[in-house]
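Below you'll find the structure, written out as structure tokens, and then a few comments.
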């Protein structure tokens, strides 16, 4: 219940902003360039606590001050920031500022109340009803005369205006006692000053906000940590590839086929079963199709983000780019699913295409739709309008699905994937497995290493989603993405080799689940983050948090699982193509 702008048109948002729940409203604060305003009145809100609707509005204001709700203002596409000193003489610039703050019953100031010693009444709310705005501009030389805005900063203040009609912006702060009754008047005012700033170029005007964001040295530490894991794994894989495999292959290939044949051991023994189609081949091929779609989408989105096309200055660009790419990448999904389904000896190609088009996207959409119903029921502005839902469905049904069908058509037309060794008619017996070559321990171990590479980045990404911090470190994220792909592949290949040496030839699902198990660790981390970092109250908010987390976990599961499967598939094809089989 703040001042509203009369008769101004709402700016329109793009798809990414709508999906992320960002809505932009016009503002009642009017500026004219280089015209200084001192203590100008915007509007006055009066609450009569005897009327239930007024009391409800005032209670909502109090609740939002208690929970440290923030105003987010934009001038010329730049966030208006509130800069204040933190420890070690650094300045922190927050791209929003609180509505107000609260002093507890025992006189402890909460959140922003520490900025002013005049805020000392117990059990009282102080509302920031006045802002001092400073706008910094840079005069453009050698072009047509004009100036460009390079920064906008503000100081929130609290004044109890005795004469709301001609305010003077001095005196005691505007306090609202928690037990206040009768009439409460809040007058909103602002001052604006313009300052010329010659040093900041227009192109680098975001820098001062980004500099005070979470620190980069943690990032380098995490990258080094991940690289050490990668080097360690690569060393192990290289050792297996070169030494052990080389020895194995040399031993297998120089044996005389007559007398030594019965003394074979290790992975060569299962050559007649290694390409036996897995159980539930349909589901695996569908997962691989969706996973490929997500893999390419992530790669291209991050690549564009690295080039700077999707910076925070282009609001909603990241999400828009991801959704559009996902829709256009139906063809590779259909193609991969069809190729693998055919090589698994599947016949029901129609079911395969339909499942690839609808299973994983359907789960994500259903989850998203339920979240949207909850938002809509709560009357939230983040609820997605009906038109946008229809637009998303149209993108999915009219573009993504036909493209998936085209991909599947080409996938089924091609001959099945040629395997280097023939499959025997009768499946071999699998010997008794030791504890760590059993499926479950292997799968659980496989997810730990990839997760270790990404968990520091995860912290920053979750912050940017849930705590409204900007995320702009796409260079780091791209590096981490590459490291994640390498780690998933190598961990899966290692475990795959151990299983084959133990003569267990069921590698397809196991390789998918080994690296896909990273998503389970991601889920555990998200739950830890919810309890340790977020102060979320209320059932609706909790359901929303976990609803959106489940979407991320599913996407991440398909993504990492696909990487693991492809790595293992390549490895198995490679090693069985170099041994001589009688």
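Glycine is no exception: its Cβ is also placed from the backbone N, Cα and C atoms.
Straight from TrEMBL, the features:
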- 220-242: transmembrane segment (TRANSMEM)
- 283-310: transmembrane segment (TRANSMEM)
- 316-341: transmembrane segment (TRANSMEM)
- 353-376: transmembrane segment (TRANSMEM)
- 382-412: transmembrane segment (TRANSMEM)
- 443-466: transmembrane segment (TRANSMEM)
- 472-500: transmembrane segment (TRANSMEM)
- 512-531: transmembrane segment (TRANSMEM)
- 543-572: transmembrane segment (TRANSMEM)
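It is 472-500 that, among the stretches 382-412, 443-466, 472-500, forms the most Cβ pairs under 8 Å with the transmembrane segment (220-242). Taking pairs at least six residues apart, the transmembrane segment (472-500) and the transmembrane segment (543-572) share three or more Cβ pairs below 8 Å and count as touching. Within its own chain, the transmembrane segment (512-531) has Cβ neighbours under 8 Å at 284, 287-288, 442-444, 446-448, 450-451, 454-455, 458-459, 462, 488-489, 491-492, 495-496, 542, 545-546, 549, 552-554, 556-558, 560-565, 567, counting only residues six or more beyond its boundaries. Recorded stretches compared: 283-310, 353-376, 382-412, 443-466; the one with the most Cβ pairs under 8 Å to the transmembrane segment (543-572) is 283-310. Packing against the transmembrane segment (316-341) from elsewhere in the chain are residues 13-20, 22, 281-282, 284-286, 288-290, 292-294, 296-297, 300-301, 304-305, 309-310, 349, 352-353, 355-357, 392, 395-396, 399-412, 414, 416-417: each is 6 or more residues past its ends and has a CB under 8 Å from a CB in it. Same-chain residues lying 6+ beyond the ends of the transmembrane segment (283-310) with a Cβ under 8 Å from its Cβ atoms: 317-318, 321-322, 325-326, 329-330, 332-338, 340-341, 344, 346, 352, 355-356, 359-361, 404, 474-475, 477-478, 481, 508-509, 512, 555, 558-559, 561-563, 565.
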